[in-house]
Amino acid sequence: MPQHDQLHRYLFENFAVRGELVTVSETLQQILDNHNYPQSVKTVLAELLVATSLLTATLKFAGDITVQLQGDGPLSLAVINGNNQQQMRGVARVQGDIPDNADLKTLVGNGYLVITITPEEGERYQGVVGLEGDTLAACLEDYFLRSEQLPTRLFIRTGDVDGKPAAGGMLLQVMPAQNAQAEDFDHLAMLTETIKSEELLTLPANDVLWRLYHEEEVTLYDPQEVEFKCTCSRERCAGALKTLPDEEVDSILAEEGEIDMHCDYCGNHYLFNAMDIAEIRNNASPADPQVH
């Protein structure tokens, strides 16, 4: 059995091409746990999670990537945020009834794929592409073609392992500033495309690579753990409250007796009463009653 929730990087010794392989289960489950999504939406989030993990692994700096789908369909928003430490979180917004077998275009409608790269130091970059492909992988390949001009292929699979949702994916990309032959890249892509969901989700990474590339020389590097981690905090909520007009905050307190701020990503609730608000306005740190 593979060790799920790990990202593996690998390199072809005889080609200027690098690869990534990721499988997720527990991380995906934690993203889905706090919501009652239709099956088709769960599948989209699973694919987004895999894609975001693969994309963050391409970062050459400390920072994060947000990959989101937005459109005028019943799935108005699906977003996964991850950083270079492979810490992931995600959420979707759904309206109306959605069939379990709805495809991407039916779910999102007329929409866009938005990729936001935020370095810890430096300027933020955002790329937007229309949802012209039939799959998320095809849309992401279009993004790479337009933004980085690096030949890139993604292969994403979803399924279940031991009765729990799981997903996996592989990325192939020509190395920057290298003269990879197009036929070499196409050859490796054809091999990778043969990977089956069951193989990717149930076999160890080295077995997957052997099945796909046993005639090639491949170096597999040490894995990186993938985990769910939400960045919400009481301090961040307090900072958000501080930006609201006093009259609006006071009105909510008068009606409700306290302010309940809910994190869509992890389900945490942060409660603020009148004394907390007074402390926020005086730049003090409020006490920390957090409700899960």
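Glycine is treated like the rest: Cβ placed from N, Cα and C.
When you check Swiss-Prot, the disulphide partner of C232 from the set C230, C237 turns out to be C230. The disulfide partner of C263, as annotated in Swiss-Prot and taken from the candidates C237, C266, is C266. Taking the Cβ of C263 (disulfide bond) as centre and 10 Å as the limit, one finds 18 other Cβ atoms among all the protein chains shown.
C230 (disulfide bond) falls within neither a helix nor a strand when secondary structure is assigned with DSSP, and so counts as coil. Sequence-distant contacts (6 or more apart, same chain, Cβ under 8 Å) of C230 (disulfide bond) comprise R89, C263, Y265, C266, N268. Long-range neighbours of C232 (disulfide bond) (same chain, six or more residues apart, CB within less than 8 Å of its CB): C263, Y265, C266, N268, Y270.
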